2 protein chains.
Amino acid sequence: MSAALHPHTGLPVVAMVGGGQLARMTHQAAVALGQSLRVLAANPQESAALVAADVRYGDHRDLGDLRVLADGATVVTFDHEHVPTEHLRTLVEEGTRVAPGPEALVHAQDKLVLRRALAEAGEPQPAWAEVRSAADVEGFADAHGWPVVLKTPRGGYDGKGVFVVGDAGAAAELLERHGTLLAEQRVAMVRELSAQVARSPFGQVAVWPVVETVQRDGVCAEVYAPAPGLSDELATAAQELAVRIADRLGVAGMLAVELFQTADGVLVNELAMRPHNSGHWSIEGARTSQFEQHLRAVLDYPLGSTEMVAPVVVMANVLGGAAAQEGWSGPALDERIHHLMAHWPDVKLHWYGKTQRPGRKLGHVTALGADLAEVRARALAAARYLADGVVDAAFAFAHDPEH
Amino acid sequence: MSAALHPHTGLPVVAMVGGGQLARMTHQAAVALGQSLRVLAANPQESAALVAADVRYGDHRDLGDLRVLADGATVVTFDHEHVPTEHLRTLVEEGTRVAPGPEALVHAQDKLVLRRALAEAGEPQPAWAEVRSAADVEGFADAHGWPVVLKTPRGGYDGKGVFVVGDAGAAAELLERHGTLLAEQRVAMVRELSAQVARSPFGQVAVWPVVETVQRDGVCAEVYAPAPGLSDELATAAQELAVRIADRLGVAGMLAVELFQTADGVLVNELAMRPHNSGHWSIEGARTSQFEQHLRAVLDYPLGSTEMVAPVVVMANVLGGAAAQEGWSGPALDERIHHLMAHWPDVKLHWYGKTQRPGRKLGHVTALGADLAEVRARALAAARYLADGVVDAAFAFAHDPEH
């Protein structure tokens with residue numbers, strides 16, 4: 001089957017399942033390439049539906065809705081991992097190009113599948129086991145110690161579906177509620193890293209510098225590019241690991257390999273096969289952003305340069321804070337953006353257009369420069385101001401990013 | 001009247017008259033700021049209509065259509081200068097915020113009005129006169145020599161409405177066809193420059209480095225940022241001139257002051273009060289692009305940093321060439337983009353989604369680096385390949401940008 005192109009422009013139509021901020025930012029990249037992203041959204045208030053010209057409404061778990069999305073599209077891709085694998089297999093059988101394909105994507109959907117694949121490949125990861133009973137967990141703890149990390153194999157994100165348990169009783173309760181779980185050793189880690197790679201169906205790969213990610217309450221809060229103080233040797237090892245995984249799993253599109261850095265090296269935490277929060281810095285910070293690169297990769301276009309445009313780039317997420325709470329009486333969003341622009345004329349804002357709720361990812365800011373502490377202070381203060389309506393210099397320096 | 005905000009996002013709704021590439025690229029900037037540009041387009045195949053979520057269809061010369069566009073919008077702005085001034089005055093009287101306002105915009109719409117205003121302000125410009133008869137033109141030529149440049153006061157762009165005449169007979173013919181014309185001395189110029197400034201209603205201004213623009217057949221072909229070899233003194237003078245004009249005319253939004261550089265300094269050629277081809281380089285080349293800055297300025301937000309992100313940035317337009325001609329049998333557009341990406345992984349593409357026709361502005365490419373000749377060679381070769389389907393290294397070096 002030859003690829004479908006837009007009847008007016010003669011250029012590809014990439015269809016993305018999901019209407020969140022990742023689709024929104026992918027649309028921006030598509031516009032530059034002469035394309036218009038087609039989005040499957042649940043409702044007109046979703047981030048991407050607010051800005052994209054070509055929106056289909058439906059449910060990502062409904063095969064019929066997925067078929068409508070795919071009709072006339074060059075390729076189908078994703079802004080999240082929640083599409084049932086069997087639907088994707090059906091689409092592929094019907095002749096639809098899906099990138100990443102279902103056999104690759106399942107490794108980002110199911111943590112047990114991922115653990116088995118990494119074990120087979122001999123890649124570094126925390127000790128793990130599939131557990132179905134409290135006795136299984138106790139056996140695992142005998143070998144690797146308490147506490148044990150229990151994870152639901154599917155459906156978790158941003159810390160959801162991850163539990164740290166200190167005894168067999170707590171484990172039993174979770175198993176009763178969730179059935180089979182993945183048990184993992186709680187790793188003594190130095191910090192978390194992310195290695196992003198894009199891979200095209202042709203097999204071309206492109207890696208960005210390895211970044212440090214800082215989580216708060218299980219949610220990505222900050223990203224430092226490149227990871228400060230990371231040795232060239234370990235950075236290269238992490239990049240090579242990401243490339244090997246992308247190749248072995250046959251990824252098409254963006255792959256983020258989330259890593260634990262330990263005293264001995266790196267261990268794979270989990271994968272995302274789509275643009276990822278750890279790569280938002282690349283919009284302003286690299287010649288080619290992860291969003292443009294994802295489009296290039298799923299379309300089997302040659303990949304773009306991943307060179308950084310500044311020595312240090314810091315991305316800070318804006319999570320709904322004080323200003324997202326009921327009864328907030330401080331400056332409204334539009335006014336806060338006004339103040340942000342006045343105070344930080346070189347901080348770049350990305351606002352997703354969502355309803356503001358505490359803890360929700362509402363936007364992010366990016367700062368560029370040469371000195372990590374200075375760049376980070378700017379990004380954090382700006383993000384904090386948007387979230388909470390206060391400028392708190394102490395907050396910006398509470399965490400020392402130099403390890 | 002308090003400003004209208006989007007009912008879901010609580011953020012501004014900027015309404016832009018015109019659905020061309022300037023609106024398309026402004027939409028990209030709007031997406032980052034949490035907004036969705038509202039566009040008045042003539043048809044669904046227009047550049048911006050292909051990618052924007054909020055499109056109204058209509059005619060920019062129809063007051064009713066303009067009212068529909070303005071309804072519920074925070075501010076109305078423009079991607080071209082062709083809206084009748086009286087309609088804008090009516091909108092303002094009805095309480096609509098229009099930026100730039102009609103009394104400023106008329107200086108970008110009517111070249112005679114501009115010449116009078118600059119004369120009053122004592123700003124440098126070519127010798128000029130309003131001419132209604134062949135005798136008027138002969139009188140002008142007696143003082144300033146042949147040939148004389150004759151311009152239609154309104155409606156010209158990209159070299160249209162500009163005529164160089166060598167005698168009174170040719171002038172008489174044009175006057176019969178066009179009525180009153182603007183006569184200008186043909187200036188012995190070194191090159192053309194553009195000084196861009198953004199100004200907010202509050203009065204804040206931000207200037208970018210002065211750039212050199214290269215025209216071919218009256219159409220912008222290349223832009224070098226910063227203008228190579230321009231003295232600091234002359235660069236500052238050009239920036240100050242642009243700021244003075246923006247202030248005096250009460251511009252809100254982007255202003256491009258197109259300049260002739262002569263042996264004695266600079267002379268004002270014409271103005272554009274909107275994002276302008278001479279500022280496309282700023283998307284990748286500056287911390288804040290002209291498109292984001294235009295939104296900030298018309299919304300009276302504080303302006304962003306105009307710092308460059310690389311020492312040298314070159315923008316090359318892609319005008320419809322051999323590949324846009326009937327019967328073209330070389331690689332199709334999608335294939336040419338494929339090749340472009342393979343050959344120049346760090347050249348950034350902007351494709352407007354238009355029907356390809358010879359001479360039409362179809363897109364542009366931007367290259368960044370440290371050495372002008374090298375950066376320019378990359379940008380030109382990439383643009384040429386898209387336009388004509390051939391790589392011609394000789395072409396890239398035919399014009400020496402170092403003056």
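Just so it is clear, glycine is given a Cβ too, placed from its N, Cα and C backbone atoms.
Marked as ATP binding site by TrEMBL: A:Lys111, A:Lys151, A:Glu184, A:Gln185, A:Arg186, A:Val187, A:Glu192, A:Asn269, A:Glu270. With a cut-off of 8 Å between CB atoms and residues at least 6 apart in sequence, the same chain places A:Glu212, A:Thr213, A:Val214, A:Gln215, A:Glu258, A:Leu259, A:Phe260, A:Gln261, A:Asn269 near A:Glu192 (ATP binding site), listed in sequence order.
The domain 'ATP-grasp' annotation in TrEMBL covers A:115-299.
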In sequence order, which same-chain residues at least six apart have a C-beta under 8 angstroms from A:Glu270 (ATP binding site)?
A:Ala108, A:Lys111, A:Leu114, A:Glu258
List nothing but the one residue from A:Lys111, A:Glu184, A:Arg186 whose Cβ has the fewest other Cβ atoms within 10 Å; the candidates are the binding-site residues.
A:Arg186
Site extent for ATP (largest Cα pair distance over A:Lys111, A:Lys151, A:Glu184, A:Gln185, A:Arg186, A:Val187, A:Glu192, A:Asn269, A:Glu270, Å):
18
